[in-house]
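Before we start, here is the structure in question, set down as structure tokens.
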Amino acid sequence: MPSFVFKSRKLKHTTMQKNYDPRIAQLRGFASLSVAFYHLWTLQILPLSIFRPGWLGVPLFLELSIFLLLQRLDVNSDMKKYFAKRIKRIYPLYYLSATAVFLVELYYFHDHVTIYELFLHYVFLSSVLAPFSFSYVFWTLQLEEWMYLFIPLIHRLSDMRKFLLAVGLILSSFIYGTFIVTLPYNEFHLLYFMPPFWLSAYGWGIIAYILYKNNTKLWSTRSAISFLFLIYVMYLLAPTDNEFLYELTTRVVVYNMVLVVFMLIILNPPKVLSKVSVFLGEISYGIYVWHLLMEELLGVVGILLGVAVAFATEFPLRRKEILLRLRQLG
């Protein structure tokens, strides 16, 4: 990062950290489980208020995504390999899970779902053209797919232009979020899922990448996690009896504060808890796409089944890569 933006202190990154950081993988696991617990609250399976902030796992995913992909383009900027890896990594599980959810909704829950809606999922457009069709977890994956097209272009920019772009994304998202919370709930709920609300997560992910590339550390892990806990408490104390104040507090104030903290944690992640937590991070994509369906079918137990199905479907696709990474942990 240019020195006139932040004061920094140098870090020494190990070879393993530059190539693969298990602490980052662990963060992905935490994010997926956070969203899984959040859906226990939205489905009213286990409506505990402590699960309400769980949706914040989504922007953590988005920040990590652009942060990691920009790093990988530093190592190998070959576009064929970049897109081939994204397709191999995302498409098989995405199409399998989208089709499975469609069939369960149609034949088990007897919901009114159409082939057209399934087609929109297949071409990554359902989140915009048919929001809330038959599974609303796929909207984030569709946003990611479109973002994958822009990340190589962002990577080619100078650090200064990356930073200016990041600031633009953050400000536009903040203005958008502040505006939509003033609308009636039905309109807000729809616009909340649209891409503009989430662009700030990518903005902070870009800034995290610039800072990391320049070996800059801002806060200690303990300080960042302490601040994260305070934000969590702030979320739980948001006034639920006033819809406007609640959405303003949670979707604007807390959301934008937590994005900064996520950036700090990405730059200096907490230590690895165990191989299990890292492994959950490695199959976090599978956990994310399967957990909601399993919760709808089995309730609380659905979280465990979601992890099991993620293991059965994602692990075989990346078996060698995952096992190699786990061996690195010793």
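Glycine is no exception: its Cβ is also placed from the backbone N, Cα and C atoms.
This is the feature table in Swiss-Prot:
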TRANSMEM  29-49  transmembrane segment
TRANSMEM  50-70  transmembrane segment
TRANSMEM  90-110  transmembrane segment
TRANSMEM  118-138  transmembrane segment
TRANSMEM  163-183  transmembrane segment
TRANSMEM  190-210  transmembrane segment
TRANSMEM  225-245  transmembrane segment
TRANSMEM  252-272  transmembrane segment
TRANSMEM  273-293  transmembrane segment
TRANSMEM  297-317  transmembrane segment
Which residues of the chain, 6 or more past the ends of the transmembrane segment (163-183), have a CB below 8 A from one of its CBs?
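Residues 1-2, 5, 154, 157, 191-192, 196-204, 206-207, 210, 244, 247-248, 251-252, 255-256, 259.
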Taking the transmembrane segment (90-110) as reference, which of 50-70, 118-138, 190-210, 225-245, 297-317 has the most Cβ pairs under 8 angstroms?
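Counting Cβ pairs under 8 Å, the winner is 118-138.
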Using a Cβ cut-off of under 8 Å, list the residues of the same chain at least 6 residues beyond the transmembrane segment (29-49) that approach it.
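Same-chain contacts beyond the ends: 55-58, 60-61, 64, 137, 236, 277-282, 284-285, 287-288, 291-292, 295-296, 299-300, 302-303, 306.
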What stretch in 50-70, 118-138, 190-210 has the biggest tally of Cβ pairs under 8 Å against the transmembrane segment (273-293)?
118-138
Should the transmembrane segment (118-138) and the transmembrane segment (50-70) be scored as in contact, given a threshold of at least 3 Cβ pairs under 8 Å and pairs 6 or more apart?
no
